[in-house]
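Below you'll find the structure, written out as structure tokens, and then a few comments.
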Amino acid sequence: MQQSTPYLSFRGIGKTFPGVKALTDISFDCYAGQVHALMGENGAGKSTLLKILSGNYAPTTGSVVINGQEMSFSDTTAALNAGVAIIYQELHLVPEMTVAENIYLGQLPHKGGIVNRSLLNYEAGLQIKHLGMDIDPDTPLKYLSIGQWQMVEIAKALARNAKIIAFDEPTSSLSAREIDNLFRVIRELRKEGRVILYVSHRMEEIFALSDAITVFKDGRYVKTFTDMQQVDHDALVQAMVGRDIGDIYGWQPRSYGEERLRLDAVKAPGVRTPISLAVRSGEIVGLFGLVGAGRSELMKGMFGGTQITAGQVYIDQQPIDIRKPSHAIAAGMMLCPEDRKAEGIIPVHSVRDNINISARRKHVLGGCVINNGWEENNADHHIRSLNIKTPGAEQLIMNLSGGNQQKAILGRWLSEEMKVILLDEPTRGIDVGAKHEIYNVIYALAAQGVAVLFASSDLPEVLGVADRIVVMREGEIAGELLHEQADERQALSLAMPKVSQAVA
């Protein structure tokens, strides 16, 4: 039975970043002794809200109320000391330190200026026992499994007497046994009267654990379900879908040529089952899936960033042996990676160097001297044609916006003889104007006969740009939709794991 007074309330929370409104007027309540799930598409605002709750971000508008008091945290340490803990996918622990040291990091017990190891291990042992674990608190963390690391994170929260514990996609790296153990612990925490926030795309987990579900859409509050007997998979999907696809993406029907790219039972690290698909010359195929679907992993394998473990890639009906990126480039297949800053650009080099670095080898003079004339002309051509906003070709690319960095990467591949382009989250972190310019480049490439395979977690973008949508779910293909027939409800239903009897 729901209590009359909420323990945690969000009141009109808004968050704006430069050029991006991440959250708008978020208001809802959470109660002690309940698991409250947060759901929504990628980018709906769930993680941003958790970062506000935990002191990572300050809200632009609104307030967080805990146990009747308006709270504001300067950082995550202040939030943790006030009883608010977030358990992220990427666990924030120190592998070289012991379990006990990680649990009490920042508040190690001292005696005469020296860490009191006996007391430290005793107190940590109590927290470990509380969670039903059988681990020596003096064990270095690096020797434990990911599931055990997660238990240490929870023990760390309990050591601060956390009354609010939020889990952000906590099962993404866990085995089935570890998931069962996590659920056991969460249910115990609920019995103790704590507020549990739970973020997951996995429907079966949501239904197995939740007492209430709040749905977000485009940074806005949609609805809170409190009667779990009256909510099902379709009702949640319907709440998460609420926007028609307009003509803002500029898609138009086009004709295609012969098959240009084919994957025949391809497997790569992170791809659970063999993937087979084909893309024709001039066709744009979108890969859609939720967190952990395997889209990026598939593209990295195709490009030689990781090793394909089974199957074959064909370009123009010819088998391609891809063991490293240079093999893919030589075959005419290019990749714009998801993390453009870490894997796409060379930050401390100029725009000119970033555009020319791949094709440079073909234009050296005498086999060893850089052809400065060609490089200047090529860089200037792509800066103009792609409307890259930069003071000049010699500007360090790290000083450009994300959209202009992405256009420079596209310019790099336009300097090559391209047959296939793989685009992984091509517009992530890019403003609206630059997005439209990227879409126009994609359409232009298709018009030139390039086969385009692009992955995006932005469902409206996939539906708005792609001629055909391939939906991935947990490392396998869940279905395929044509542009003219696809809608958000269909795609999201395919992308989400169905409720099964596996989780009780």
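From the backbone N, Cα and C atoms, a Cβ is placed for every residue, glycine too.
Fair warning: this is a prediction, and the values are worked out from it, not measured in the lab.
According to Swiss-Prot:
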- Gly40, Glu41, Asn42, Gly43, Ala44, Gly45, Lys46, Ser47: ATP binding site (BINDING)
- 8-243: domain 'ABC transporter 1' (DOMAIN)
- 256-499: domain 'ABC transporter 2' (DOMAIN)
- Message: So, three-state DSSP: helix, strand or coil for Lys46 (ATP binding site)?
- Response: helix
- Message: At a 10 Å cut-off from the C-beta of Glu41 (ATP binding site), count the other C-beta atoms across all protein chains.
- Response: 23
- Task: Would you count the other CB atoms within 10 A of the CB of Lys46 (ATP binding site), including those on all shown protein chains?
- Result: 26
- Note on the structure: In all the protein chains shown, the tally of other Cβ atoms within 10 Å of the Cβ of Gly40 (ATP binding site) is 23
- Confidence summary (mean pLDDT) of the domain 'ABC transporter 1' (8-243): 89
